[in-house]
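Here is what TrEMBL says about this protein:
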type	residues	note
TRANSMEM	29-50	transmembrane segment
TRANSMEM	87-110	transmembrane segment
TRANSMEM	117-137	transmembrane segment
TRANSMEM	157-175	transmembrane segment
TRANSMEM	184-202	transmembrane segment
TRANSMEM	214-237	transmembrane segment
TRANSMEM	249-271	transmembrane segment
TRANSMEM	291-307	transmembrane segment
TRANSMEM	319-341	transmembrane segment
TRANSMEM	353-370	transmembrane segment
Amino acid sequence: MASSSHSPAAQANRGEISLYGRRLRVLQILWILLVQADLSTLVMSFPGFYQGLHTVCADPHMLCISDQLNTLRVATLQHAGFSIHTYALYVLIWDALTTVIFLLFGGLIFWRKSNTWMGIFISFFLINLGSLGTSFAHSDWIPEHGSLLIEIVSWEATLLSLLVYPCLAFFFFTFPDGRLVPRWSWALIGLWIINAFAWIAPIEPLNIVNWHPLFQSLWLFVVYGGSLSTQVYRFWRVASPTQRQQIKWLFYGYAPVFLITVFGNFLLVWFPSLDGPDSLLAVALTPLYRWYYLPVPICIGIALLRYRLWDIDVLINRTLVYGSLTAILLGIYLLLVFVGQHLLVSVLGHNDAITLVISTLIIASLFQPLRHRVQQLVDKRFYRKKYDAAKMLSSFTSTLHEEINLEQLSAHLLDVIEETMQPTYISLWLCSPVRSVPSESEVSEELEPTLQKSGKLLKI
């Protein structure tokens, strides 16, 4: 029976959509025009961006352009011993690093994948994000009026900004092979259109900036979660082994953006003072939102260029282990310091640095045992096959030192190989040391009854 071309297996076996002839030339010319508009936006926005960072926002409602400080936060910054010029340099360094990474990987993808639809699209997508700035930090600073050139660039920036969210939606629905999976996912683009309107809507009351942090988190969870669910569907139902590795890289790159944005807003619900008008923490963290965007172009580039795809499994494992370990040790350290200092104040009547010393020594002694324990828990929970294989090999090693019955040892060896390697066919032939080594035909004749009985063959 012929298999359907729309089946998951058939879709997984299809590669990226390659382009030829006139269609390829048209898309490459369109890419050049769009990238030229992006770079013009980046260059023309820099003077306003630089000047704005050195200017205090006087709006009493804190409706300032991205990264600009109001009077209260400037006063907080100066009270801590920093000037607004130091803050501007701080922002520019992080912004330049993020912009260069986005442009670099966008250009690299076009250089290597300019003959595929997905390569051209993702290349423009990354360059557009880098040129406009994460959260539109660059395009917001282009003046709307001025010379003819400035007005043209302003219109270009507006049009390019409108493309960001539809492109992001289309990216989630088509990565990594350029095909819509599932086919109905195009309907979710409506969520992104509403999301784009929420960011550019008039200030009151529809603009998402003025929403309660809880509503912001729930809305972003619906928009991003609904889009990422299509990748989950693709991963489990359609993707080939190589495509699954590419999707893992995508999730690894977007995890910081999604988690920090959503849970950061929940933190603001519980501790609203963290984002208060005089919060030094808010001043310090404002430019750092660029930091959690940095893995995005890097991971997308690795996934699309298929560079060391299988390293993602090790990377995820290490992230789970050391992320959990850091959280546990930090919690223990804070608990020890708090309890120790409280006891010292209660008993001695004063605080002492000995609490910090003892707590540090305890944490140092706990590091290795906890790391091994967390590694076992992560392997057991997320890498069950690896955990079971290691456990079985360890058990077989101890059996080798105790078992003397050759038949039982052979049966145990076959069980271990069957469980850990899962071969299609398996059989064990033991060479007798008494007689001469048999020929290949003799071995085949000797094994034939066993093969007919078990239906398994694996030469060991």
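One is the number of the first residue shown, and numbering goes on along the chain from there.
Positions of Cβ are set from backbone N, Cα and C atoms, glycine also.
Where the annotation comes from TrEMBL, it is an automatic prediction and has not been curated.
Take the transmembrane segment (249-271) and the stretches 87-110, 157-175, 184-202, 214-237: counting Cβ pairs under 8 Å, 214-237 has the most. Sequence-distant contacts of the transmembrane segment (29-50) (same chain, six or more residues past either end, CB-CB distance under 8 Å): 88, 92, 95, 99, 110, 114, 120, 123-124, 127-128, 130-133, 137-139, 141-143, 149-150, 153, 156-157, 159-160. Scored by C-beta pairs under 8 angstroms, the transmembrane segment (157-175) has its highest count with 117-137, from the stretches 87-110, 117-137, 184-202, 291-307.
Ranking 87-110, 117-137, 184-202, 214-237 by CB pairs under 8 A with the transmembrane segment (291-307) puts 87-110 at the top.
For the transmembrane segment (214-237), the list of distant contacts is 8, 168-169, 172-173, 175, 181-182, 185, 188, 191-192, 195, 198, 208, 243-244, 247, 250-251, 254, 258, 261-263, 265-266, 269: same-chain residues at least six beyond its ends, Cβ to Cβ under 8 Å. Nonlocal intrachain contacts for the transmembrane segment (87-110), taken as residues 6+ away from its ends with a CB within less than 8 angstroms of a stretch CB, comprise 31, 42, 49-50, 53-54, 67, 69, 77, 119-120, 122-127, 129-131, 133-134, 137-138, 283, 286-288, 290-291, 293-294, 297-298, 300-301, 304-305. Only residues 6 or more beyond the boundaries of the transmembrane segment (184-202), in the same chain, are considered here, and those with a CB under 8 A from a CB of the stretch are 161-162, 164-166, 168-170, 173, 208-209, 219, 222-223, 226-227, 230.
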